[in-house]
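S.K.: Supplied in structure tokens, the structure appears directly below.
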Amino acid sequence: MLSIGTIIAISLGFGVCWCCDNDVQRFAHPSKHEDGSVRFLVVGDWGRGGAYNQSQVAFQMGKAADKLEIDFVVSTGDNFYDDGLTSHHDPAFQQSFTNIYTAKSLQTQWYTVLGNHDYRGDAMAQLSPFLREVDSRWLCLRSFIVHSELVEIFFVDTTPFVQEYFTEPEGHTYDWRGINPPKSYISNLLKDLEQALSISTAKWKIVVGHHAISSVGHHGDTPELRKQLLPLLQANDVDFYMNGHDHCLEHISDTESPIQFLTSGAGSKAWRGDVKETHKRGVNFFYDGQGFMSVKLTQTDADIEFYDVYGKILHRFTSSKDLYSSM
Ligand SMILES: *[C@@H]1O[C@H](CO)[C@@H](O)[C@H](O)[C@H]1NC(C)=O
């Protein structure tokens, strides 16, 4: 589609698409902090018109965003339940997004991927520039890259990886427009991602997808991602993989690399009460309830915090790097 060197200057509120190699769009998002730190919230699996504590989580996100002075918000997908949006005129967009995340501190760019529930509706609607006219915070694309000072965030469309959505759709229909044939869609995506990761000189490399690589929640690991995506992350010094899908909060360390797996899929309905593999190695934190995550990145430290519906910090940790290391 767009060749190397194509410069597009579409202004999207805060992010600006500055260059595209292959088909992966890149956005530059300057930090607003003088110290060059980058700060954001991560939430997933949320759009239920405020129900199931979505509004309570949104309220606490507003408070945390204000305190942290965030630069943007990341959504890990399943943006609208149960079946995505019906079209770009679907009032669910305002009912579950615009009218819920109303705090002043949340009036910033949202970077969003699609979840499997979004694919059960009109998936193209969420990608439509029309929604950005309705609410300029919104940016949802299949796979894209956000570069903000010392971090590159690689957003990956993980739903087409999951074979059971094609083979045993369990009565659901998925909007596979633009995906067929999935095999070449995935191999192109992986090729683009590998190239982008390998040339990245960012201090911190983060990959965001909807489905978990490692989770002890209801759905557990996604075998397709462990097989196809994880090796790329391990080979290219990725620091964090962030996902939703399981409606919980998790921090799990990879047993074969420094990668930390962070689940933030607790934006509304939670409390499934089933935990897989309680003795899985690397599990630092699991919370089967609603909440969200915050991230603060500096040249030397990544501070991660998990919040519950009351705004209480349930778990926090810091990953540190040598100031002079290139990775
Ligand atoms: C809302 O959050 C509270 C506190 O975690 C929890 O006890 C309650 O069950 C939640 N409500 C729903 C509908 O999930």
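Glycine is no exception: its Cβ is also placed from the backbone N, Cα and C atoms.
Note that the coordinates shown come from a computational prediction; the quantities given were computed from them, not determined experimentally.
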S.K.: ASP78, HIS210, HIS245 bind Fe cation 2 in TrEMBL, but which of ASN116, ASN284 does that record place at the same site?
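M.R.: Answer per TrEMBL: ASN116.
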S.K.: Since TrEMBL lists ASP78, TYR81, HIS247 for Fe cation 1, which candidate among ASP45, ASP66, ASP221, ASP274 does it give for that site as well?
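M.R.: Record check against TrEMBL: Fe cation 1 site with ASP78, TYR81, HIS247, extra candidate from ASP45, ASP66, ASP221, ASP274 is ASP45.
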S.K.: If one measures from the C-alpha of TYR81 (Fe cation 1 binding site) to the C-alpha of HIS245 (Fe cation 2 binding site), what distance in angstrom results, rounded to a whole number?
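M.R.: Just about 12 Å between their Cα atoms.
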S.K.: I'd like to know which of these binding-site residues, HIS210, HIS245, HIS247, is least surrounded, judged by other CB atoms within 10 A.
M.R.: HIS247
S.K.: Can you list which of these binding-site residues (ASP45, TYR81, ASN116, HIS210, HIS247) have a Cβ closer than 6 Å to ligand 1?
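M.R.: Listed by sequence, the hits amount to none.
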S.K.: Provide, as an integer number of angstrom, the distance between the C-alpha atoms of HIS247 (Fe cation 1 binding site) and HIS210 (Fe cation 2 binding site).
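M.R.: Cα of HIS247 (Fe cation 1 binding site) to Cα of HIS210 (Fe cation 2 binding site) measures 11 Å after rounding.
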S.K.: I need the neighbours of the Fe cation 2 site defined by ASP78, ASN116, HIS210, HIS245. Which other residues of that chain put their C-beta within 8 angstroms of the C-beta centroid, in sequence order?
M.R.: GLY44, ASP45, THR76, GLY77, LEU114, GLY115, HIS117, ASP118, THR158, THR159, HIS211, GLY244, GLY265
